[in-house]
């Protein structure tokens, strides 16, 4: 039975108990939320060593880090190190988006390297295998697509992005809608091109019940991908995005009836003032399914700094109901990220998630409160102990030292130091 089916029967599973203990929440509330489909639990039945993670209502906003090879750069050890660094700096999950090299080997190595849930996009493997055989992506058969999905499920992948909402009807609209950027989802584009070439319906939509059967067998969470997401600010909220969203909403309902867990993927580029509306619309269309957003990026003119843009958008999205933030690195739109880029991307997105979590969970706020106390006392040892990135803390302190008990920005002109000394002087008087 899936986590959702057990929850509907009134059973609090071992995974729910573990999550409730980690999150310090009521396990019964978690069970009810999972039963409704408002919260999902990542834990493939074949992924024995994973620490289960919950995403959705009543739990903390989570962070995902994408890693993986490309056709240009295949360095498996580097990708494994990226996964470890991502987890070290706060990623709750990893997605392996590899498109170069031995994809089965890479995926399995990454899964063994970390104990967090791992997600994938199986259509990438189906497409890559076509290219490896000297064929065009559109030559892949429905069987090729399903084999990739089943292989990932059997390997223990906890959640997968499936672009079931890229239907033949929506693709027909693509011909007449004048988009500035077009389609930017790789998986969505592979399927759209396949549909246009063969004139057939998306296999994941046409045979959605078969997908549900597979997902149910392994208790894999279906992350219903936004193949028509906006790839630039001018395309945000257009009819293609909204048409796909409502199709996804209907697919969520069918999955719940089947006892399969689902979440909904959200837009990538959205003007900052439109983010609350986008998130609310996603929640309405999906009857409060967990929302998984990439960013969203709030401005398009800062390549090299898109991790900052995404953190701004992610904080606003999470405050308005987004449950799961996919990180963006400084390399976004420019190239394959390095290990350092991964670290920077995770920390930026972790800031966004924590900024929202501390407004909802007393325990999270207490950490910031303790830091405020330490700063008020100029207690550098305690500040170091609490600091999220201790390496950065030490690096800057060593780089710019001071003889005063304050920092080298103010030294003896430190406001905290002056007020403390004055108050201490008056008290002695």
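Cβ from N, Cα, C; glycine included.
Features reported for this protein in Swiss-Prot:
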- 66, 95, 124, 163, 185, 186, 187, 226, 227, 228, 229, 265, 292: substrate binding site (BINDING)
- 269, 333: Zn(2+) binding site (BINDING)
- 407, 410, 414: [4Fe-4S] cluster binding site (BINDING)
Nearest of the binding-site residues (187, 227, 292, 333) to residue 410 ([4Fe-4S] cluster binding site), judged by Cα-Cα distance: 333
Any further residue of that chain within 8 Å (Cβ to the Cβ centroid of 407, 410, 414) of the recorded [4Fe-4S] cluster site: 402, 404, 406, 408, 409, 411, 413, 415, 416, 417
Nearest recorded site to residue 66 (substrate binding site) by CA-CA distance, among binding-site residues 269, 333, 407, 414: 333
Lowest local Cβ density among 229, 269, 333, which the record lists as binding-site residues, within 10 Å: 333
Residue 187 (substrate binding site): secondary structure state under DSSP, collapsed to three categories: helix
Three-state secondary structure, which DSSP defines for residue 124 (substrate binding site): helix
Residue 124 (substrate binding site) versus binding-site residues 333, 407, 414 - nearest by Cα: 333
